[in-house]
Amino acid sequence: MKLLAINGSPNKRNTLFLLEVIAEEVKKLGHEAEIIHLKDYEIKECKGCDACLKGDCSQKDDIYKVLEKMQEADAIVIGTPTYFGNVTGIVKNLIDRSRMARMGNYRLRNRVFAPVVTSGLRNGGAEYAAMSLIVYALGQAMLPVSIVENPITTGTFPVGVIQGDAGWRSVKKDEIAINSAKALAKRIVEVAEATKNLRES
């Protein structure tokens, strides 16, 4: 089983930390995990030309490199901080530009999927950003999963919050987010193994 974790933050701080927790847990379970940073790829905004209705995107940039990695993975996690209650611009470019994968016979179908979100504020729109990613996954015929461990010590999916009771903190201090990241890794492996035949057919 191979996990691709996509860091949709322009920085390598809180979102990356949670992705690293997930990747390390997946490796401990005997599987492969890779983290990529969207900021290292040139993915321009969608032009709305609809070339992808008949074939590949008309813009020849790094979207092809990222989609290739996504297609090679059994499971995909997209991590994003919340920017005004939604995903970052570079994540939205990935979402829009990967339309050709959907139009090209659902090339990402049956990949296990989960969102990871970080937010500056406790009520900073993390759940809305996560839902945007889940809707994207459903549109690509992926298989979104949630955490199935103790709902008191974990969330439905990892949400790291920088705003603490005593002021600002690092997500590294958010125990619920860390517990959730570890639990999500286990769930991803479980579902990926159970659905392996779907990706091989």
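Even glycines carry a Cβ here, placed using N, Cα and C.
Less than 8 angstroms from the CB of Cys46 ([4Fe-4S] cluster binding site) sit Asn93, Asp96, Arg97, Arg99, each of them six or more residues away in the same chain. Following the DSSP three-state reduction, the secondary structure of Cys46 ([4Fe-4S] cluster binding site) is coil. The feature [4Fe-4S] cluster binding site is assigned by Swiss-Prot to Cys46, Cys49, Cys52, Cys57.
For Cys52 ([4Fe-4S] cluster binding site), the number of other Cβ atoms no farther than 10 Å from its own Cβ, over all displayed protein chains, is 20. Within the group of binding-site residues (Cys49, Cys57), the Cβ with the highest number of other Cβ atoms inside 10 Å belongs to Cys57. Those same-chain residues not listed among Cys46, Cys49, Cys52, Cys57 yet with C-beta within 8 angstroms of the centroid of the [4Fe-4S] cluster site C-beta atoms are Lys47, Gly48, Asp50, Ala51, Ser58, Gln59, Asp96, Arg97, Arg99, Met100.
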